[in-house]
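A short worksheet on the structure shown next.
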Amino acid sequence: MRVTMPALKEYKRTGRRFTMMTAYDHQTAQILDEAGVPVLLVGDTLGIFFEGMPTTVGVSMDTMVHHCRAVSTAAKSALVVGDLPFGSYQESVRQAVGNAVRLVQQGGAQAVKLEGPRPEEVAAIAGAGIPVIGHLGLTPQSVHVQGRSRVQARTATAVERLVDDARALAKAGASALVLEAVPTEAGRLVTEALEVPTIGIGAGPHCDAQVLVTTEILGLSAGPRPRFAKLYADLRGEISDVARTVVAEVETGRYPAPEHSYDWDIVAS
Ligand code: KIV
Ligand code: NA
């Protein structure tokens, strides 16, 4: 049975923590779905981890629809959330609703997510019948405004504003709120202020849920990882080992062996 947004709200009410993980492709989505990850995020971080761009601001709607489709066709139980990319909801409420509809209708997502304190856009998307998740704290699409500092809400005033913005999004109809890179205490205050679940990433242990960037925690991405990206595996190392072995086996003739090759008999029959 499909995880639904009302179920996630019920999780919060009953104190059940849950996980969201990013997926950009069909196979990864299938593995995560079968393993019981309840929420899959087709995040615009795919601009960085799939397309190799320096930030998320260059990701297009067409790209998001393409990846949403690859993930949604794999997810049998997980709720699939599609990220609205930079430029897809900043122009007008009408633009925001149109692009949210695209992620659902063409991408197969069951919910969308957008960044920043935009209660009007959230209200309009929710009003169109699409569950929408907010995203506050570090909002990577605002990289040119927020600058280089990762951790947000580091003063009492900033935390107050964060709580106010979170309340406004929830009041507008947001079904959940991603909180990125804020101090533990800020994560706790926002979580206590809302009836809808907070989904933290670098926002401490008091959030109702956690979201992890799969590529980072599997050790697939190169380069430095943020503090919150716990390394659960070294798939980069494993894939590299396999590649070296294949190269060596082909060069030495160890691969392919007879069991990887077709006999004349089999071809003829
Ligand atoms: O795009 C993404 O992966 C995200 C998560 C970091 C929350 O928005
Ligand atoms: Na994102």
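Even glycines carry a Cβ here, placed using N, Cα and C.
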Per TrEMBL, Asp44, Asp83 bind Mg(2+); matching candidate in Glu10, Glu34, Glu115: Glu115
Residues satisfying Cβ distance under 8 Å from Asp44 (Mg(2+) binding site), sequence separation of at least 6: Thr56, Val59, Met64, Asp83, Pro85, Phe86, Pro140, Gln141
Sequence-ordered binding-site residues from Asp44, Thr45, Asp83, Glu115 with Cβ under 6 Å of an atom of ligand 1: Asp44, Thr45, Asp83
Close-lying recorded positions around ligand 2 among Asp44, Asp83, Lys113, Glu115, Glu180, where CB distance stays under 6 Å: Asp44, Asp83
